[in-house]
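Visitor: The structure follows.
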């Protein structure tokens with residue numbers, strides 16, 4: 001790579017709950033807010049953008065290429081191409097990797113990458129409807145479950161894969177609830193202190209009467225959560241299990257994006273890089289324990305960067321489930337005081353196509369606040385994969 005690849009700006013929406021503040025908006029509406037804001041505040045001429053690459057997992061019934069829709073809705077000219085990708089929970093981070101590759105290869109100068117998702121607006125579908133059903137029940141399928149939360153290989157919910165990890169590592173219910181409570185408490189403290197304010201781009205939501213609602217605060221965290229309150233919840237996937245709605249991530253809506261270019265281009269445009277993109281890795285694992293994906297992905301990413309876990313100043317590791325996140329922390333052996341310092345997806349939420357970019361955006365802003373040098377963003381992926389991205393502040 002002859003010229004350093006950098007991120008010059010990053011932003012995300014506040015994360016909405018399932019059926020919550022953002023539920024009336026399509027994923028493209030949510031993404032448009034972020035894309036438009038990044039163009040405006042960087043001062044980049046819309047026609048200068050080489051491509052827009054966005055992750056979105058739940059696209060059934062959303063129309064052709066949602067990333068393209070978002071691009072044009074944000075006011076970019078029709079000459080700017082766009083691509084929607086689906087790597088399930090890793091989509092938003094893989095989009096950034098694709099941007100990194102395109103810029104490094106000289107195929108693009110400026111790429112805006114990230115993800116968008118409305119789990120609230122995901123469709124129900126009627127399989128085999130073109131053939132018809134002569135007799136019997138004809139059940140619809142929930143695409144949010146089938147396309148987003150279901151293991152196609154073992155025919156089970158993602159929560160069952162978390163149960164598999166809990167059993168493999170002998171993680172108790174109490175330990176998982178304590179982990180989840182800590183995530184909630186860190187997120188609550190971060191929100192109360194305005195820690196996320198810089199990274200959040202407000203969304204204006206039209207109302208039937210009066211002024212639009214301005215949504216600018218994550219609504220999924222549950223203030224006052226303790227391990228004791230979580231301990232009252234029933235297991236969600238196995239009656240004898242340990243995984244509950246309280247020690248798992250949420251079903252959420254949101255969008256997050258970053259602006260990628262070469263350092264020389266940033267200098268030409270008078271933009272100050274937030275960080276350089278150092279290394280990326282994807283890895284595959286047994287789908288039955290898909291949550292362990294960040295272990296080989298992070299290990300390989302650090303190897304490419306020439307770093308050790310101890311070199312990291314901050315880590316954002318997506319919390320799909322407490323058991324899953326605990327397994328990653330245990331195997332990576334990194335300093336837990338540097339991991340998800342403002343809470344993770346158990347508290348903040350997990351809008352699947354956007355989460356990869358969300359953890360990266362949060363990482364970048366927290367690195368600025370702490371004057372941190374080296375950071376890592378990583379996520380597990382349904383179907384048995386992991387992704388990781390190493391960044392360094394210049």
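From the backbone N, Cα and C atoms, a Cβ is placed for every residue, glycine too.
Predicted, not measured: the structure shown is a model, and the values here were computed from it.
Swiss-Prot lists 89 with the feature active site, acyl-thioester intermediate, giving similarity to another entry as the kind of evidence. Look at Swiss-Prot and you will find 350, 380 tagged as active site, proton acceptor.
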Visitor: Just to verify a number: CA distance, residue 89 (active site, acyl-thioester intermediate) to residue 380 (active site, proton acceptor), in angstrom, no decimals.
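Guide: One finds 7 Å between the Cα atoms of these residues.
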Visitor: I'm trying to understand the geometry here, so how far is the Cα atom of residue 380 (active site, proton acceptor) from the Cα atom of residue 350 (active site, proton acceptor), in Å to the nearest whole number?
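Guide: Here the two Cα atoms are 12 Å apart.
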Visitor: Within 10 Å of its Cβ, which one of these active-site residues (350, 380) has the largest number of other Cβ atoms?
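Guide: Counting every other Cβ within 10 Å of each candidate, the maximum falls on 380.
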Visitor: Based on DSSP, name the secondary structure state of residue 89 (active site, acyl-thioester intermediate): helix, strand or coil.
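Guide: The three-state answer is strand.
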Visitor: Around the Cβ of residue 89 (active site, acyl-thioester intermediate), how many other Cβ atoms lie within 10 Å? Please give the count over every shown protein chain.
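Guide: For residue 89 (active site, acyl-thioester intermediate), the count of other Cβ atoms within 10 Å is 35.
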Visitor: Return one of helix, strand or coil for residue 350 (active site, proton acceptor), based on DSSP.
Guide: coil
